[in-house]
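Sharing a structure below in structure tokens format, with a few things to ask.
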Amino acid sequence: MKIATIVKSELTDPKTYTTHRTKVFYHPEKLFLSDSDKAAVELAVKIAGNNGQVDLFTLEQGEVGVRVLHEALAMGAASATEFVGSDPNDPANAYLAAEKVSEYLKDQGYDLILVGDVVGSAPIAAYLAENLGFNLYENVTRLSPNWEYETELDRGQLKGKVQTPAVLTVEANAIEPELPSFPALEAAQKQTIKSVALNLDTEEASEVVVNQTQHPHVIWNLDEEPDAVEKLVAALRQDGIMK
Amino acid sequence: MALQYTEQQREYIHLAQEFGDKYLKPELISKWDKAGECPKEAFNPAFDLGLHMLEIPKEYGGAGLSFEDSALVFEKLAEYDAGYALTLITSFVALRCVMISGTPDQARRFADILKPGKFAAFTLSEADSGSDSGSLRDTAVRKGNEYILNGEKAFATNGGVADVYIGVFRTSNNGNHGLSAFMIPRDTPGIYVGKHEDKMGLRLSNTVPLFFKDVHVPVENLIGKEGKGINIALNSLNLSRAFVSTLTVGIMQRALDEAGNYAVKREQFGQPIANFESVQNMLADMATSVETARLLVNNTMKMMDKGSLVRKEGAMTKLFVTDVAQKVTSDAVQIFGGYGYTRIYPVEKLMRDVKGFQILEGTNEIQRMTIAREVAKEYAKE
Amino acid sequence: MAYFIQFEDKSLGENTSLATLAGVKANFSSLTNIVLTNHASDLHDKYANSGVKTVLYQDENFTVRDLAQTAEFLFNLLKNSNDTYIFEDSKLGNLVAARLAAKLAVPFIPSISNIKVGPNSVSLSREIDSTKVVRLSHLKGKGVISVAINGVVEKAKAEVSEKPMTISAEEPATYVEKRDAGNDLLFAKTVVAGGKGLQDAEGFKPLEQLADKLDASVGATKAVTDVGWLPVSRMIGISGVSVKPDIFYSFGIAGAVQHTTGMDQSKHIIAVNTDPTAPIFKLADYGIVGDANQVIDQLINLV
């Protein structure tokens, strides 16, 4: 079985973005491989076994791209490729990036494409499945050896059987990944990473800006202001918290 | 952060952090600290990751990291527990010593014991002979193709958990020059492990007396030459005190993190205590100490990677880092106030743990002697 | 023009809330509510009072368990229009939204918490986890979005029509409800929580009445569930459940850290307590120092 896994980072430290007035500072050194991508890589390596192969891809750029590929390579994947020229967190042009990625993956004979379900990233799985004509299974929290899957919904699960070729998005709890060893990480750092330019034909891009919705902090005293509750309701309506 | 990490170092440190988050959870550390020992199984994940042979070259089955990179990994681990980290370090420092002073065959045999997940220990001190190694009494007497070892060793780090020891014994009455080092498999008949010491801190690290009663060791296990035991011991100390310094930085960083997080949350007189100048001064000094200590250790590790002996620099590093760490951890307790004095918060443990580092691997008094001697040499007239 | 798309599948517990529809309506002046369902006849009344023009697409074979077919139907329905298609930011909403966007080959911008409709584009902000920044995207043409926006449901007459759709009864995935799915507290967009400050079990009756009015779930502190005023499943905090609603009302709760760890991620926090130094006020966007029971009664009358 030939498996592609598309990995990315995950924001776990709120200080990845800091702000000063209206300026935003980005600290990519705080970003590492996401938990759900670790689950995806672990699943991929397990499914591939001794006869299969797991190839890694990322849409992350620069140091973050290299880092997540190193981390994922150390878990047992065979090769690593970075797609250069897009932003994996930007939903505005994810469909264009997915189109290029699909073109690249199309004739390579993959049976399975695994993608971690990372909060805050731009979803690409559905586009890949559509472009490649693969089946799509999302929010997968379990995948048994006989291909029974569970898709997580808010109050329940969908259960069924995966038909390959397929694109799966994997949740962090789908499998408990083992930590890679230091020798494996050291070897991964020496592995060559292939670069593929996406050449996106777009000027559409989202921007990261300071959140202007500031939380008010207003406390009334009911003894001093008998109409405090009216004032509260008025303020909530004003802020759109209550409409 | 003042120290500029390479991309590789960031990845190593992150893996160490993932390891700590997963296997060294606060409730476990607290439990083991109270019990005064860490179960052997708790090290299995560390063996899987190769932490027990992190600095050892690949051809011996290690991970092949540089001293500098290894130090950053162990600094991070020491944020979780320095005793746990010390257990791993002690093993690869012993192996490194065999690699430096022994034959390739000895190094390979030693490495093969450790590789599947075993510990090593270095044992030198005796009850009446600590800093003064010239007064060591335990003897090794050659008989045919064997040495017969007799005596009692004190305060052997890893002594109770190790599968192989390096022991320094007296082969002639020539003070420091009558000492020789041996590689001693734990299962050799005649070795008895004494009671685990009930220590103030570093309680996850195993410390025992070892008893040697007519222990037969083949001559192939003599490391280096007869009478060179003191050099091997000093080599070992050069390495271990550098790593002790890195563990100390980890403890200091943890103390700073704990105190900083607490100071911005804890309110007195209607505002966070971090707003008070007295607390600010403490935090500023703590943060400065952590940075300078880290840079000092980093520089020493870089020198070691270049093959330098760091006799003076290593001593200076250990002296400075472990001394300032006493104030840093004590101030962390101070910032926590009454809570800091209890075991609800981890800061009292940091203070207990870090005290040990002023004492072991050569007391700081001995470090000063070493530095003074090296300095005097530099200014001595030809 | 914008479409809000939702599902009413009587075999699933995953339906869209009216509060989200109300929130979307406040942002788009011209909005059509599309409901795919297998029990349209039960829904006329519900949407007739929603204030939004609603089209019910009915087929008794319809089920969202068949995600592919659901997306295919929507694609055929919408492929020739040039609009914004809005789903709820729920797991199900996002699954269908992503598939529809892929079929239409247009952007899908998920988890939007703030919308500004301009003359040539729609500006969409998505909060980036717990940071102080947002990601701002501009949708210029056709696109799919999912929203986490709440509004208060105001009763207003609206036109409801019913149309047939054709769905083939294929063998879709099976649906299994989670064991704790009955605990609406976990999924609530609005939570009203009470503490010991409500004095006694009787104090929770008005709180439940208020919850009804706000379409909210009722939560409590450990102290309250310990004495049995509410079942343990309502306990919020370190030993109970953690909630992250859009709006959290806290009544008679001092705000010990054991409780606040279970609610401090809420988007808006409103606190009422007699003690002005209570830690809960530190977290609050708005607060009233005063008797919680009195404030609850007044709120019931005002909302």
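Even glycines carry a Cβ here, placed using N, Cα and C.
Grabbed the feature section from TrEMBL, which reads as follows:
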| type | residues | note |
| --- | --- | --- |
| BINDING | C:Gly252, C:Ile253, C:Ala254, C:Gly255, C:Ala256, C:Val257, C:Gln258, C:His259, C:Asn273 | FAD binding site |
| DOMAIN | C:34-163 | domain 'Electron transfer flavoprotein alpha/beta-subunit N-terminal' |
| DOMAIN | C:186-263 | domain 'Electron transfer flavoprotein alpha subunit C-terminal' |
Quick one: of C:Gln258, C:Asn273, which of the binding-site residues has the smallest count of other CB atoms within 10 A?
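Result for the binding-site residues C:Gln258, C:Asn273: minimum number of other Cβ atoms within 10 Å at C:Gln258.
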Treating G and I as helix alongside H, and B as strand alongside E, what does DSSP give for the domain 'Electron transfer flavoprotein alpha/beta-subunit N-terminal' (C:34-163) in helix, strand and coil?
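DSSP classes over the domain 'Electron transfer flavoprotein alpha/beta-subunit N-terminal' (C:34-163) add up to 34 helix, 48 strand, 48 coil.
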Minimum Cβ neighbour count within 10 Å among the binding-site residues C:Gly252, C:Ala254, C:Ala256: which residue?
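Least crowded of the binding-site residues C:Gly252, C:Ala254, C:Ala256, by Cβ count within 10 Å, is C:Ala256.
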Work out the three-state DSSP category of C:Gly252 (FAD binding site).
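For C:Gly252 (FAD binding site) - judged by DSSP and reduced to three states - the answer is coil.
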Between any two of C:Gly252, C:Ile253, C:Ala254, C:Gly255, C:Ala256, C:Val257, C:Gln258, C:His259, C:Asn273, the residues recorded as binding FAD, what is the biggest Cα to Cα distance in Å?
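This binding site's residues have a maximal Cα-Cα distance of 17 Å.
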Mind tallying the domain 'Electron transfer flavoprotein alpha subunit C-terminal' (C:186-263) by DSSP state, helix then strand then coil?
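For that range the per-state counts are 30 helix, 17 strand, 31 coil.
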